[in-house]
């Protein structure tokens, strides 16, 4: 080094990296590592769950530690290969990203346990657990990366793993669902890539903190409206916003139930996260311009989702529409842009990750107990298992946004934020959508749970490995419904750091920009 | 393509290409080459072998399942990134050691380990696709 007089500190990180900063890259790296091990042990079916479930528990712990670290010290950045941003790829965890990552890890952990009962040997032979770990690598990476092209790469990682999961078993019906899912998601991902190409052409940088700085500086002459609109379309497609949401009901009922559960919990929320990141942090002024459009899309998504749920007789299809309706509420929050709106959107997304996963698990168990997913044939679930019925009812209420469960608070936040700016129609649609969802899910409860059994079925018991994750997720929605204060304050801080990303930028460029 | 000449030449060609793929992998640090392109050359070698002698011969020659090979590649690529944790530098920082073996300095690095991982991922993944396409049914 002595022969080389170049000032390395201009290009490289030369200060030692604190061990705690490793938490930022650990979630995706850990998932990739364990996913690789599981793939090597593909033929040892008995080892798969034995490795995957503890590994996902470790992922939950890593994300929880990262949350504690970020909550205490603000956003944390680690750059790849010690190259300084904006040239090195940065991983930056702020509260929004970490909250999403933690909720995702909890959902995946619950899913991995639930899969013990739901995924048979053939599903494991096709590689359920390796795909799950690689999916989580993609999901965690997407939530924690600070580089928009890297975000695209993680989208690809999770998309490819999800193709594997959705075709698990290779039944013709699944291939049919997978083709619709794959095609439309590829269109969205391509649009994302094209837009990122434009963005790179405009800014000459892909680092999100750098983009935020440059966008704020050169807003007047740069064509940022185009970028914001294209991102809204691309990520709206991912998040299943009307009118580009038809891929979701067409595909979510075809895979194994636990796969649907994980998709409902994770995939659309990655789209929501990307919307929040781009529209709130990078292009807030353009989001303001688009707010009426976003609100219209949100209202259409939530109402048509709820109406779609009313019209379905297959529970899994019905839940697909409930997922969509929830996305509408999140978009309504996004359109408002006020602290209450964005905070409500983040809170609702976290709530929806947990509750939608649990609801699909409940649907799977209902199907297992009563031998059908068809509301015309289901019946007598209450007499078969009162505990399971109680859990389901809690989840139905939570998904409809009734108190005292976790869906209530974000809806109140969004509704109040809408009233504050006089958008009574937005508030009305949030409540109308909640009302319609209550009817749709109440109909499920009345028909599948309360109605007397249609025909004699062999007595089926619910295995503990299927019931425990369901109970755990339900407990989460009850706890955060009854004691929302801690989560509310986290969400408010997350919203502040998203709307005012000075701390985020400071973490990427410690020397100032 | 099942001619006597092709069947006789294929093993030699395969060996030569496999060797060349490793050469390309190793020179990739500072010159054109690297894990991805080296891996593709190795896959072409295996494909030639497969066309000449059938899929079963390729599977026997590989010994490991191609999917396991690519998983191992992913594993060591991850490990190469995580090595930096022990040295207080960020993820995936290039670390070098230059041991002297028989009077020759051999520069080894975590970058090379990563590239070898990429090589194996490409070899495993593309080979398993190629074999699956060739076989038609069982993966």
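We number each residue from 1, going along the chain as drawn.
Note: Cβ is positioned from N, Cα and C throughout, glycine not excepted.
For A:147-436, the entry in TrEMBL reads domain 'NADH:quinone oxidoreductase/Mrp antiporter transmembrane'. The feature transmembrane segment is assigned by TrEMBL to A:22-41, A:50-71, A:91-116, A:128-145, A:151-169, A:181-203, A:223-248, A:260-284, A:290-311, A:345-369, A:381-402, A:422-450 (among others).
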Same-chain residues at least 6 beyond the ends of the transmembrane segment (A:50-71) with a Cβ under 8 Å from one of its Cβ atoms are 20, 23-24, 26-27, 30-31, 34, 37-38, 41, 93-95, 98-99, 101-102, 104-106, 108-109, 112-113, 116, 129, 132-133, 136, 140, 490, 493
Below 8 angstroms Cβ to Cβ, which residues of this chain, lying six or more residues outside the transmembrane segment (A:290-311), approach it?
228-229, 232, 236, 240-243, 245, 249, 279, 318-319, 321-332, 334-337, 423, 425-426, 429-430, 432-433, 436-437, 439-441, 443
Is it true that the transmembrane segment (A:151-169) and the transmembrane segment (A:422-450) have 3 or more CB pairs under 8 Å, sequence gap of 6 or more?
no
